[in-house]
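Structure, as structure tokens:
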């Protein structure tokens, strides 16, 4: 969690201090506990609200000097929109909107978690806390000069006033684990590539041992013995050898079939011999966003002690050009035994995933596999930065991912698969080639991956537009978004986790 912002829960009866934040709907109404907290100043506040351009729209804010009678220095009114229609993600965004109004000078903040109809449920209060922490995260580890008046330099203790503080604290415990998982994923994506290379990434993933996650790290020797020729071909041009990390959380019944998540972890992608243009190449430090998500997800599931068996697997490489680098025209043999003609060395992520998907399918026999990868620019052309591309061989899995995408705000959009696309990756020299035609590039990339899932129920999420550099929003002000952690945590919790 962000060290500079701390959240806790207190009863409504605790006196507000510092900055007071209250909620108001689009009818400009306050709840009873809010009116009581405002005391004799309530009429003054209502007049100020009515006289302003503030309409109570969701996430809107009105910042006021505290009127006489209030023992706080500042009053912030946050709009909820139609309070009765608020969904879980709406409440999370309210928390983010609150964090957005916390200034560098605010050291104590009290938020009255109440809607006009009455107190928020404990789960809603927990969502407010999560939204505050997700919005407050910043990555400034490498800045040697930090400005005290930086709007992002938050250093506040936030007290969330609720009807039942103990119940809210209990509801927040699993949510807090998910927040930590999202922030871990963001940290990994934001790290520079000279710091986070495959061996270092593997070490950081191994820190999940502290939470009870079993860790297995496959080095070059182990991957060579497994005949992971597709992954090793990508990494052979780098001074940093590749790694595959297998994480296992045993939270379900002994022997119960696990669910599995696989992440692409290209720690830096130059394109290899098919080198990329220099413009924005620095962003290719984020080409491991899928692997970052899987590590963050495993943290979340283990920290909240999810009642399910889970495999998390990440393939970690750098794609670099040197005298040992893979060439266009090379033919490699994957772990599956299928041969691949390399047409473009910049279509490397699918090669990494091919071997890791096959390994997981054969070794662990999961109920399903979901892979995440910043795989193609084509998906950004198709969907922009608001949706990840979803490809699947299983309608039920696709429908479930779509449903939790809506509920979490981490949206997906299903794209087609079919034989007419699959034939585009047939090769005259090998079993397949690693790129198809220019058209439908995200689809042919998914068709390639499907050849390595061995009939396992599978979904592929192309997160090129959502994992890094996406537009900032109410709950994320970071370049690395941590996309996918909340989505997949919800998938597990909603459909695959043993109920209490």
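Just so you know, glycine gets a Cβ as well, placed from its N, Cα and C.
The structure displayed is predicted, hence computed values, not measured ones.
Now, the feature entries from Swiss-Prot:
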- 276: active site (ACT_SITE)
- 350: active site (ACT_SITE)
- 264, 269, 287, 348: Mn(2+) 2 binding site (BINDING)
- 269, 346, 348: Mn(2+) 1 binding site (BINDING)
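In the three-state DSSP assignment, the secondary structure recorded for residue 346 (Mn(2+) 1 binding site) is coil. The Cα atom of residue 350 (active site) lies nearest to that of 264, taking the binding-site residues 264, 269, 287 as the candidates. Set side by side, the active-site residues 276, 350 differ in how many other CB atoms lie within 10 angstroms of their CB, and the most is found at 350. Taking Cα separation as the measure, residue 276 (active site) is nearest to 269 of the binding-site residues 264, 269, 348. In sequence order, 264, 266, 267, 268, 269, 349, 374 are the residues near residue 287 (Mn(2+) 2 binding site), counting only same-chain partners six or more apart with C-beta under 8 A. Counting other Cβ atoms within 10 Å of each Cβ, the lowest count among the binding-site residues 269, 346, 348 belongs to 346. Those residues of the chain, other than 269, 346, 348, with a C-beta within 8 angstroms of the mean position of the Mn(2+) 1 site C-beta atoms are 234, 266, 270, 271, 272, 274, 276, 284, 287, 319, 345, 347, 349. Cβ proximity to the Mn(2+) 2 site centre (mean Cβ of 264, 269, 287, 348, cutoff 8 Å) flags the following additional same-chain residues: 234, 265, 266, 284, 288, 317, 319, 349, 352, 373, 374.
When secondary structure is read from DSSP and collapsed to three states, residue 287 (Mn(2+) 2 binding site) falls in the coil class. Its Cβ taken as reference, residue 264 (Mn(2+) 2 binding site) is surrounded by 31 other Cβ atoms within 10 Å in the chains shown. The secondary structure of residue 276 (active site), as reduced to three states from DSSP, is coil rather than helix or strand.
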